[in-house]
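Among the features that TrEMBL reports, compositional bias 'Basic and acidic residues' is placed at 405-419. The region 'Disordered' annotation in TrEMBL covers 405-427. Marked as transmembrane segment by TrEMBL: 25-48, 60-79, 91-109, 173-189, 196-219, 302-325, 332-356, 368-390.
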Amino acid sequence: MATIRRKKSESFAILSSPGPWPQVLINWLATLAVIIVFGLIMLFSASYTTGYLRMGDSFYYIKSQVLCLGLGLAVMLLFSRIDHRFLRRMVGPGYVVCIVMLIAVLFSAPLNGCRRWLRIGFTIQVSEIAKFEMILLTAHLAAKAPHLEKLDPASGRRVPAGQWLYQRIVRELIVPLLPLIPVVLLLMLEPHMSGIVLTTAICGTILLLGGSGGIITWAGGASAVLLLRTVLEHIDSIPYLQSRLDGWTHDLSKMTDQTLQSLYAIGSGGVTGLGLGNSIEKQLWLPESTNDFIFSVVCEELGFVGAVIVILLFVLFLVQGLWLAFHAENRYCTLVGIGIMAQIAWQVFCNIAVVTNTLPNTGISLPFFSSGGTSLILLLAEMGVMINIGRGGERARLERENLRAQREQREKEKSDNTIRLDPNMGY
C-alpha cells in the first residue's frame, strides 16, 4: 500500500481502516439512504414526462441519475478509506487544480448566458468541485492557526492586546479566507452568484461554528450582511444580478413565469398533495422541474405533509452529521465535518427559499433530489469523508477509554503495593 512520509518518524497510508462503526454513524447512513431513495422516486416522478417529450425516453433522467449514483457510491467508498492526513496534505495541489479549472471554464461555450460547465467528453460543473476544495482548505488553515486566549495559561498574565488581535483576526480569520478571494472573483466572471453565496456561506460557517476568531467572527458576519445590503442598493451597475432581482417580487403580474409556476405547484398541492405522479406543473409548465425546482413537484404531489417530511429528514441528517463532526478525532476533522454539513444545510435552505419566492431565483439544486451528475458524485464523495470522520472519532474515543482504563489499573496496582508495604498496618 502506498504511503506518505511527512517526517522521518511519521508516515501514514493513503488508504487506511478508519475504525469501528459508531451507532450514530449507522443511523446517519440510514437517514442518508432514505433521502437518496426518496430523491430518486421524486426525480423519476418529476422527469418521466420531460424525458419522453425532450429526449424520447421517459427513463432518460432517472437512468442518468442512477448511473451517477452508482459511480458516486464507489467514490464514497473510496473516500471513506482515504486517510484524512492525506486529504489535508493535498489541499494545496487541489486548490491549484481548482483555480486552473475555474479559469478554463471561462473559455467554454456559454449556456443561458453563463459559463459554468467544463466539457471534456462529459460535463463538469466546476463550482461544485470548488465548494469541496474550499471546505478542505478552509478547515486546514483554520485548524493550523494556534489558538490564543486572553490569559497566558503558563504565567496567568494577560496576553498583550495587539498580539491577541493579530492572532484572532489575521491568523484565525483573514488567512483562512484569503484563498476564497480568487475563487469568488472567478465565479463572478462566469457569472455564478449562487456559487459565490454558497461557497462564502460554507467557509463562514466553518469559522463561526469552529470557534475561529471568537466574537470577532460574528462581527465579521454582521459586516458581510451590511456589505450585501450595500451591493443590493447599487445593483443597477451589475446587469446579471439586476435581471435576477427583477423577477423577485410578490406582485403576481411582475413575477417571472418560473417562479409563478412554482408557486402554483406548491399551492395546488394543499395538505396531502395530488398524489405521486399526478403533478400538472411538471408537464413542461414548470421550467427546471427535474433540477432546481423539484421541491415544487414534491409539494404538488405530496402536499404540505410531504414537504415537511423532506425538511425533517434533512434536519435529522444534519443533526446526526454535526454530532459526528463535533466528536471527531481532531480539530481538522471537526471543521471538515462542519463544512460538509454546512453545504447541505445552505443548499437545502436556499433551494426551498427560491422555490417559495423567499429569495431571488439563483439556480441552487436540492441535494440528492435534483438531477445532476457532478453534484451527486461530489456530494457522495463528501459523505465518504464523513464516514471516515465518524469512524475515526469512534476509534479515538475507544483509544482514550483504553488509556484511561490502563491508567486507572496502574494507579490501583500502585495503591495495592503501597498497602502491602506499609509497616503500620498492624500485621
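Count begins at 1; order follows the chain as displayed.
Placement of Cβ uses the backbone N, Cα and C atoms for every residue, glycine included.
For the transmembrane segment (25-48), the residues of the chain that approach it from at least six positions outside its boundaries are 58-62, 65-66, 69, 276-277, 279, 282, 289-290, 294, 297-298, 301, 310, 313-314, 316-317, 320-321, 324, 366-371, 383, 386-387, 390-391, 394, judged by C-beta separation under 8 angstroms. Residues of the compositional bias 'Basic and acidic residues' (405-419) grouped by DSSP class, helix first, strand second and coil last, total 15 helix, 0 strand, 0 coil. In this chain, the transmembrane segment (368-390) lies apart from the transmembrane segment (173-189): fewer than three C-beta pairs between them fall below 8 angstroms, excluding pairs fewer than 6 positions apart. Within its own chain, the transmembrane segment (91-109) has Cβ neighbours under 8 Å at 115-119, 124, 126-127, 129-130, 133, 136-137, 140, 179, 182-183, 186-187, 189-190, counting only residues six or more beyond its boundaries.
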